[in-house]
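Visitor: Annotations for this protein, taken from TrEMBL, read as follows:
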- LYS51: active site, proton acceptor (ACT_SITE)
- TYR280: active site, proton acceptor (ACT_SITE)
- ARG149, MET328: substrate binding site (BINDING)
- 259-387: domain 'Alanine racemase C-terminal' (DOMAIN)
- LYS51: N6-(pyridoxal phosphate)lysine (MOD_RES)
Amino acid sequence: MTDALVVPPPTSPTRGERALAWREVDLDAVRHNVRLLASASAPAELMVVVKADAYSHGAPQVARAALEAGATHLGVAILEEAFALRRAGIESRLFAWLAAPRAPYAEAIGLDIEVAAYSGAQLAEIAAAARAMRVPAQVHLKAETGMWRGGAADEWPALVALAHRYEQEGLVRVVGVWSHLACADEVDHPATDEQRDSFLRAVEVAEAAGLRPRLRHLANSAATLTRPDLRFDLVRCGLAAYGVNPLVGQPAPVDLRQAMTVRARVTHVKDAPAGAGVSYGHTYRTSAATRLALVPVGYADGLPVLAGGGGTVGVAGASAAIAGRVCMDQFVVDLGDLPVAPGDRVTLLGPGHDGEPTAEQWSAVSGRSRYETLTALGRDRLPPVYVGERAAT
Ligand SMILES: Cc1ncc(COP(=O)(O)O)c(C=O)c1O
């Protein structure tokens, strides 16, 4: 008989000798940003958007930090994200805005989750679930105002009339009327004023139909920080809560702190001659004799392949160039004469304290949006480590 193979027990890949790469999430930075947003938007209430696992920061952890710092609501895209937050013990007001026909509305109603209706057919489904549950559904009606994504366009008058009828039957409570801005990141973009006017008309139509929605909401992070006239009763902030500037071409008007840092350990260092072609396609050649470090993170972990075209990392307290294409699991850094050895820490992205680029700078280099830069990082091989986590009360 042969001996059984001995497989090591699962350990945290973020700790000790085994650490390869990880996401460090600073919950104190989240609290700081949320406090700024709450005071900037008051008296409007603040919904912190924690969809996509809180833009890869960890939804339950960010949700708790945001609520501690003054958020009154949480927002997610899909119902499953809302269910997961309830399973994690989050009891706050919680809004999920994206569902397909035959969505589990009864479960949502049972868990006190607020849902969105974009059409009469969707509202009828929600009302049917409420009837079965004998509990009114809390609904936010979404109006098309010029983004042409979700929301009722020509159907809006019929949708609000139906909602009013369901309210009178005790099946629905219209808690919100809302829409979403397409171009608020470009301050002074004319589409934003057009959307505001269209939104105000939609609210008027809803009120004329007899609805009295307590929460009119339109603003994302960019509008929250630049357009006081668009804050209405509630703002929905994602990017700024994570400390990333939501504005294009200008700095954020408040002192945001980036919460996400991605780090890894160097696995290998070697000398290379001048003219060495590095990585797939030889898109990078060393300009002089140098030292190269191998970093065990790649596009399978969410890094953009093209970060090699001008991207940098923080290592040994300085900034060093990514040499050539990012591969699936690894990339190369041109160290020059920086004193780096296997096992040393490299910072790929963060607030900039260790010579690393910010999320905004990564985006500029890779051609990805800041949202994409963050959400792409939510992979198993980059497990999260929390800074500033407090015991759940
Ligand atoms: C409907 C909705 N509201 C609010 C937000 C938050 O936007 P931001 O991250 O720009 O604040 C998003 C994010 O995309 C969204 O889809």
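Note: Cβ is positioned from N, Cα and C throughout, glycine not excepted.
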Visitor: With an 8 Å cut-off on Cβ-Cβ distance and a minimum sequence separation of at least 6, pull the same-chain contacts of LYS51 (active site, proton acceptor), or say none.
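Guide: Looking at Cβ-Cβ distances below 8 Å from LYS51 (active site, proton acceptor), excluding near sequence neighbours, one finds ALA59, GLY75, VAL76, ALA77, ILE78, GLU81, GLY238.
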Visitor: Let me know how many other Cβ atoms fall within 10 Å of the Cβ of MET328 (substrate binding site).
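Guide: MET328 (substrate binding site) is surrounded by 11 other Cβ atoms within 10 Å.
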Visitor: Name the residues of the same chain, 6+ apart in sequence, whose Cβ is under 8 Å from the Cβ of TYR280 (active site, proton acceptor)?
Guide: GLY324, ARG325, CYS327
Visitor: Cβ distance under 8 Å to ARG149 (substrate binding site), same chain, sequence separation 6 or more: which residues?
Guide: HIS180, ALA182
Visitor: For ARG149 (substrate binding site), what is the secondary structure by DSSP, using just helix, strand and coil?
Guide: coil
Visitor: Looking only at the domain 'Alanine racemase C-terminal' (259-387), how are its residues distributed among DSSP helix, strand and coil?
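Guide: Tallied per class, the domain 'Alanine racemase C-terminal' (259-387) gives 24 helix, 44 strand, 61 coil.
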